[in-house]
Amino acid sequence: MGFRHKDIIALKDLTKEEITLLLDTADSLSEINQRDIKKVPTLRGKTVINLFYEASTRTRTSFEIAAKRLSADAVNITASTSSVVKGETLSDTANNLLAMKPDIIVMRHAVSGAHEYLAKRVSCSVINAGDGAHEHPSQGLLDMLTMRQKFGKLDGLKVAIIGDITHSRVARSDIYGLTTMGSHVFLAGPPTMMPVGIERLGNVTVCKDMREAVDKADVVMMLRIQLERQGKTLLPSMREYSRYFGLNPEVLGLAKKNAIVMHPGPINRGVELASSVADCDQSAILTQVENGVAVRMAMLYHVCGGEPVE
């Protein structure tokens, strides 16, 4: 089965078969990252523009590495060093970039829906590297790849996602992807950070407290508080948040013995995650980062029309 999409905007747009194809391709391409010479000519002659309107370490760096390992030319643009600071609109930026004939634009933007707007106005492929509180599809894919590598499947897994669900694009992509693949997602967080009706997104259960969500979980995914997306203070204090929604060894003990701990980063140690848990043997956080390169290689490969990798 080929990949039928020009763009990758949201995991809610992808079928189970398409998600499986991307994960299988990432698994195949991950071997390249273990070589002494980590480069193949697959996308030679292609140009990838990384257009980031928000700060990023892991996502931007891994998209750049992914492009270069496939031999594409990668160009990085940040809003602070572009004509955006001079008042240029997204539409004008897109038209000017398109005039330079890129093959793919990878964009992160603070406004939800910005990528759909962009994709309708450019002929090249668009990949969403995060838009507001909407979605972060590459993070969702790398999270699923990490889980699948550990458990050999996604169907039937109990995945607990804890924290600021309302403002988290990662939570939405994980929910869309995991429920499509047959996992059961359990959510817990402060009532002020839990969207009304989120159960309608799929096989999702909202729990009254964190311990209920973590109990017998295969995966415990911790999210940081998205202070930059909150218009007002939604918590009495960080200390109180950590008391009720921070993952420590005691709470982790409620999960299955072979459970893994995940976090999309950056971690706020001592708030949502104790250092002793972040650095424990059950932590898969650095595996997530490693898998991010392979997943983004797969995304670039398939929007360029690549066939399934054997």
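Backbone N, Cα and C atoms are what each Cβ position is placed from, and that goes for glycine too.
Keep in mind it's a predicted model, so treat the numbers as computed, not measured.
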Subject >> Per Swiss-Prot, Arg58, Thr59, His136, Gln139, Gly265, Pro266 bind carbamoyl phosphate; matching candidate in Arg4, Arg108, Arg211, Arg239 >> reply: Arg108
Original post:
Does DSSP put Arg58 (carbamoyl phosphate binding site) in a helix, in a strand, or in coil?
Top reply: helix
Subject >> Protein Cβ atoms within 10 Å of Arg224 (L-aspartate binding site), excluding its own >> reply: 19
Original post:
If one measures from the C-alpha of Thr59 (carbamoyl phosphate binding site) to the C-alpha of Arg224 (L-aspartate binding site), what distance in angstrom results, rounded to a whole number?
Top reply: 16
**OP:** Would you mind sorting out which of Arg58, Gln139, Gly265, Pro266 (the binding-site residues) have a C-alpha within 10 A of the one on Arg169 (L-aspartate binding site)?
**Re:** Gln139
